[in-house]
């Protein structure tokens, strides 16, 4: 029996690359067995949270997309960086210049954006043109104390037609050009995982993270005291299992495989 499966009371699921692969005409497709795996987690009475750095849509649109793929999910079960970034900016009186996907813009309607004193960057996809990235650079370089807020720092993610550059690549370009360090809202920030646990009413030692990113999903969760399992779907690469800095508590073929092991452990402990 896998040691990582013992005593789990709460499950945090990464989404893209674990539940579904994004892209294509329909916006993506569910990974085989993942819809049923989510239902089995619920049926077992485990606490469940969907933890994503998704920054191409609001939580509401994101939940609706997953429902179209067949998943049982509500907006309230999604932990995403957009709402956290909104709270942060309001608390600190920050007025962002936005470099984000058009579908995420409604997330920031309540934030003052005139005379920007920071830049907020997300996965802007086609909006990552030279003109737009350079404009973000110009805003930052002209600030006395430049502030760059990034919705995650992933290097790449998988869509149905291949791997795509993520927000982290563009974040690093702005960091380098302006000689600054971005503030990351989202995985692997400890606050992201701790916020998800608080929303679930769960403790780190009783929670399991399942993801496809060895650094941001697995490393981020383990730094907060969670157990973490890497799936061999999504952006997974065989070299991840020999990562020099991060070792997962387990490696599984996909989400369905992880749930098989997890629920077998639950049965043995009853």
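Each Cβ is built from the backbone N, Cα and C atoms, and glycine gets one as well.
Cross-referencing 212, 240, 249 against the Mg(2+) binding annotation in Swiss-Prot, which names 14, 16, picks out 212.
Residue 212 (Mg(2+) binding site) sits 9 Å from residue 15 (substrate binding site), taking the Cα positions as reference. Cβ crowding, taken as the number of other Cβ atoms within 10 Å, peaks at 53 among the binding-site residues 16, 52, 53.
In this view, residue 15 (substrate binding site) is surrounded by 24 other Cβ atoms within 10 Å of its Cβ, with every protein chain counted.
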